[in-house]
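Written below as structure tokens is the structure these notes are about.
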């Protein structure tokens, strides 16, 4: 398998183990071996704290991975993370569970040696989760087997089934494994998983009948009640409320917020189908689970002889159906004990206490044997189907050990004794294999092996397991001997047999001071991890694990197929006393040690940061306790007994070669020689390092840290140089690219311009020749020779005309057209003028239109006829010269509803004497009204207005002629207005007398009264003068403004 040289971090930066050394003050070191004060437990824990604070939950002790449970999802187990760690050297990436998984897998593939990953730690430290993550990694990253992914799916789906039947909520962990598990995963020669096998150890079956306050029974009971279908529960005789079952209420913790039993049951049901459970097998399995609940609800009452009698007939009825046994047989087995004496079978009745004991013993036996059957069933499902093929021999095995860690509680009993004995054996194996691995590496590298002083816990293992004199042997002997054996007699036997052992102590053997901390029913062992005090109460009973013979006989007759396999009839004919629980556990543990010894080990030590299961909380007391019991300091001390750091020459030279001028930038010789030159330049002292065959060994972390600090400084310098070189290169390349592009563009553009210029010259020459020929023949009829010229002349005229069109209707300019376009030019001129007029007319407002119409009428009447007309042209006509407020209300009242269209102040001349008088001239729709102050002096209807006379001079007099026959009128009216042109134009329009305005040259005759006429004489002079002449005429002298 090929290595990938590097890996990318989440930010895209290459991350290696050494790259984090520069941040060691903030996040700690990634390998405890690099701790300067490696013997200090405080320094060890402080390094853990720093990393935990930064969400770095993994740290190495050499090849051993220490994991701290974060109690929250850190999003570090995604497919992206798996790819990041797959195929990468162990020290090329930060510490991670996947790094260990990949290293183990690559060793399995390349070295063809069986591997084992040992996961240990106390409950709630994350062992089960680590096992699941390892299986997930192998399922996602390993190649798929040729026959599909069935085995891979079964490996993954075996977990939820085993968790349902073997895990429970405890005070320390909501999903605590209550059994030890060792799983072998078989891989073919291609590295694909093809099979598996599971071994289970020491299921905590006492939990079936008893739970401490705040704890639960095994998950499967609650999952079935919460998630089972109504029909299934009815068939099993169950109801959903867990409070209805004695075995589920003792912990008083049926509901847990962090556990969803309903959804978990769906996962379990799906998993059962994946691992080849038939519907009948599922039904039989659920019947057994339900029978345990019903068994817990069996109650007894004492008869007159104090013998126990079953009082819950309904529960007994369900039990007989679910377990497939006879009701009377089961009743008798629960209330009597069968004794065989001298070949005779005797039934001894049980009292209430003994009956309850028998009931609970049956419940524990049924559940524990069902669990063992379940493991065997899963193993059959995981077994490789190619075991008989020749390629089977090429398979390799990877073992996963999820075992309970060292346990020290307030009250420690038989279970803790077995668990801690197991940890002693594993610690013994761990130290042995670690020292062996260290020694083999030293020898392979040609480095002298320095003997390591360490605590050999063989003395404790012998104390527990030695034949005849060990605790287990003494316990078995006490269980087997005739007579009244009790837990206290067992303790006395221990005191007599091993009283001189330095690691054993009881109340009787202790000094006065120590006795205060030991009860008379306790003994204390000094384990490798510290002292543990055990209570002997229940040791004999739990070791015997006694199930009365008639209960076995009853279960052997079961028609439930699973029960029939769990209780084999051969047990009844076997007269040999069954092995005790402790002996069985010792034998299985010795077998496990041999299995692990045959494999290449890897270690994962799990630590729980606090008891409250809260993220971000670091309980130093609790962690110090676990560091001690996991033997991590001892592990570190063994690892650091020689050299703290070792790396291949190639990797060391590649990382640090920039620190030496001779090795930078390229070393062409052997890597070993390059490293020798490098360390001499760095000033390493002989006692600080050793040169092996393929690796350099550095004794002290401070030597490595000094080198790393120098590298960080050197990197800054190199980074500056690289940046400068890169910028120079980058801008040079950019300049050259721009230059090449510019030359290319210039070349192309010059060619284009040249071609355009040549084409233009050719076109110009042809055009000039055609124009000259056309000009010569311009007067000839149209022909091919002059057509281009004529068209050019016409086009030029039209284009020039477009630029020289008249600006307005008064502009009469127009370009001179060529002879051929004269007619067209006139038509265009007419169209242009019409268009300008039309546009102008569309643009004027109604008010302006009225103004123009009045001006047009004034022009028609006065233009060229009256001297002062030109002065009135630029002056706008006003709609009225008097406002409403200037006209008397009495006048307005006299006019009634008639609107005033125009009003102007005038001067009226009397008919006799020509005396001037101020008046107002009002025009209505039907009459001319002359007003004096508040009185209407004269009203002239338009029908009686026969004409209007005015002189041709610049004066402002005019005469309104009325019909002589009108009796209402006294005669014509002589008036003077400063706005004579405006007044006469509006009067003529209102009275429809445009054609009745007379412009006289010398005099005007008007009717002065009945039978009398008056005359107004007009003469020109230097200034305006109006007087009565001696001849009785009205003489008007007016200056001449325009010569006509």
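Don't overthink the numbers, they just go from 1 along the chain as shown.
Any Cβ shown, glycine's included, is placed from N, Cα and C.
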With the ranges 543-565, 566-588, 589-611 to choose from, which does Swiss-Prot describe as region 'Actin-binding'?
589-611
Where does the phosphoserine label fall among 845, 888, going by Swiss-Prot?
845
Out of 348, 389, report back the residue that Swiss-Prot marks as phosphoserine.
389
Out of 517, 967, which one does Swiss-Prot list as phosphoserine?
517
Swiss-Prot annotation phosphoserine: which of 717, 879, 1022 has it?
1022
Counting only residues 6+ away from its ends, which parts of the chain sit with a Cβ under 8 Å from the region 'Actin-binding' (589-611)?
48, 52, 61, 63-71, 97, 100, 103-104, 107, 111, 113-127, 130, 171-172, 182, 199, 201, 397, 399, 401, 405, 421-422, 425-426, 429-430, 433, 617-619, 622-623, 626-627, 630, 632
What's the number of neighbouring CB atoms sitting within 10 A of the CB on residue 69 (ATP binding site)?
22
Residues satisfying Cβ distance under 8 Å from residue 467 (N6-acetyllysine), sequence separation of at least 6:
473
Among all the protein chains here, how many other CB atoms are within 10 A of the CB of residue 845 (phosphoserine)?
8
Taking Cα atoms as reference points, rank the recorded positions 69, 121, 364, 1022 by distance from residue 517 (phosphoserine) and give the first.
121
Average pLDDT across the domain 'TH1' (866-1040), rounded to a whole number:
89
Enumerate same-chain residues with a sequence separation of six or more from residue 121 (ATP binding site) and a Cβ-Cβ distance below 8 A; give 'none' if the list is empty.
67, 127, 405, 605, 606, 607, 608, 626, 630
When you measure from the Cβ of residue 176 (ATP binding site), which residues in the chain that are at least 6 apart have a Cβ under 8 Å away?
123, 124, 167, 168, 169, 170
Distance [Cα-Cα, Å, rounded] between residue 69 (ATP binding site) and residue 845 (phosphoserine):
91
By CA-CA distance, flag whichever of 173, 364, 1022 among the recorded positions is nearest to residue 845 (phosphoserine).
1022
What is the total of other Cβ atoms whose distance to the Cβ of residue 124 (ATP binding site) is within 10 Å?
24
